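If you check TrEMBL, you get these features:
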type	residues	note
DOMAIN	1-257	domain 'F-BAR'
COILED	124-168	coiled coil
COILED	398-432	coiled coil
COMPBIAS	474-484	compositional bias 'Basic and acidic residues'
REGION	474-533	region 'Disordered'
COMPBIAS	521-530	compositional bias 'Acidic residues'
DOMAIN	532-593	domain 'SH3'
Amino acid sequence: LKDQFDNLDKHTQWGIDFLEKYAKFVKERIEIEQNYAKQLRNLVKKYCPKRSPKDEEPRFTSCIAFFNILNELNDYAGQREVVAEEMGHRVYGELMRYSHDLKTERKMHLQEGRKAQQYLDMCWKQMDNSKKKFERECREAEKAQQSYERLDNDTNATKADVEKAKQQLNLRTHMADENKNEYAAQLQNFNGEQHKHYYIVIPQIYKQLQDMDERRTIKLSECYKGFADSERKVIPIISKCLEGMILAAKSVDEHRDSQLVIDCFKSGFEPPGDFPFEDYSQNIYRTISDGTISTPKQEGMRIDSKTTVGKAKGKLWLFGKKPKPQSPPLTPTSLYTSSTPNGSQYPIFSIEPVHYCMSDIKTGKPRIPSFRSLKRGLFCLQGPALEDFSHLPPEQRRKKLQQRIDELNRELQKETDQKDALNKMKDVYEKNPQMGDPGSLQPKLTETMNNMDRLRMEIHKNEAWLSEVEGKVAARSDRRHSSDINHLVTQGRESPEGSYTDDANQEVRGPPQQHAHPNEFDDEFEDDDPLPAIGHCKAIYPFDGHNEGTLAMKEGEILYIIEEDKGDGWTRARRHNGEEGYVPTSYIDVTLEKNSKGA
């Protein structure tokens, strides 16, 4: 049994090492679960749509299904975190606590076994010492006896020597008897302790070590079960996540997605019609039959380049750009004839074509976008910010002023509440003088009133600036409306070839009024003639449009796009009634049509 104590020491140490090894395995598994959940969440975050005011909600069923799958995957990652947390609390934490207790208990049992062994060794040493002493005394007694017998048999020995040898023999015999008794006692004591050690103490220590090792084995079994239970508890929720992914996959509808694409890109324009036949021989036949180039009835008439291609002008061309209208000859409509007495004819230029050419210089293509771009760019070149935000574009200026007014109103409300509180406190002090002096609140009341007056002045000043910004829009709209009316004058009806026709459905835009306002030429560069629509847009958010040059719109309203965003965040649009203005690009959903209808 003495040899088995060291073997049990090694076995129990191996058991604790194995327990810690399994705890390390669980810890690494927890780290794997945590990293897996973290990577899943990062993956979901990477592919989830980033919500911003200008982004639309996903409309296609395939996109919605994918986002639902991402949500389910995010929940799945949460369940992996639950598994890691449960393993850490129920398995790893319990193993580490039990390992610490196990080490303490093992150390105590081994110390008890070593103490018992040391006590037995001590008893053996005492018994061995008494034995050796008894043996030594016995040898001395034998020597004394031999000396006594030798002297007793020697005739020459004196009586005194014989007596001395006899006394020495008696003394050694007595000491040998005492050592014999002591050795017997020590031997009896050692035998008792040795029996107790091997039959009572050591078996009890071994039993305790056995119980400890069995409890360690049971704890490992419980941890194995808890390890599996941690995974089994989340299986129902994980199954729901997987079912949600399957339902998301089943919700994909290809026909609905196709219909969404159709609704999104449907322009509403009709396919282009047939090209009309352009008979250029009419002028030849008319010249032969009439014998003149033009008639007085054609006086004041001109060719409008917009009617050269007939009805095909306002249609959407399916492929490529629509054909440019051909420039008409500079005869019948732009020249007038006169006859000399000898019958010869010579052309005379009328004054109206000159005005018409000047109008084309002002309103024809290419336009002069530099004035409008320069007007926008001035806001970015003003230098430091001004108090009235006049360095900002109209809408940004209005927002900044409105934001400042709201902040000032909040500060004014705080000061008003503070004044009411001070007045209530003052009334309390006046009714109960022992609570405080009412006069001590007067400086604070005065300061609060001054702050309120200052805030009211600031609010009034900013409201004046805001009214100024909002008032410019109405004036600009009225001026533009009157300018548009003056430009729309009908002079007559012409056929595509420039000849007079009685068809009332074909109208041409006449030249501008000759007696216009002196500042009309300047306004023309700021407010151009109606531009052709290059697309359409749908308002995602409502816009007040109180600033000068902006256009108010309601959510869901459809507008024509007449000029794209130049990089400053504003797009020029027009209503169906002809009202134009700039709207924020981020507030609309733009659909550009290369060959859409003109204004």
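Using N, Cα and C of the backbone, Cβ positions are placed for all residues, glycine too.
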Cβ contacts under 8 Å made by the coiled coil (124-168) with residues that lie 6+ beyond its boundaries: 175-176, 178-180, 182-183, 185-187, 189-190, 194
DSSP helix/strand/coil residue counts for the domain 'SH3' (532-593): 3 helix, 29 strand, 30 coil
Same-chain residue ranges lying at least 6 outside the coiled coil (398-432) that approach it to Cβ under 8 Å: 388-389, 392, 438, 441, 444-445, 448-449, 451-452, 455-456, 458-459, 462-463, 465-466, 469-470, 544, 546-547
Mean of the pLDDT scores, which run from 0 to 100, over the coiled coil (124-168): 86
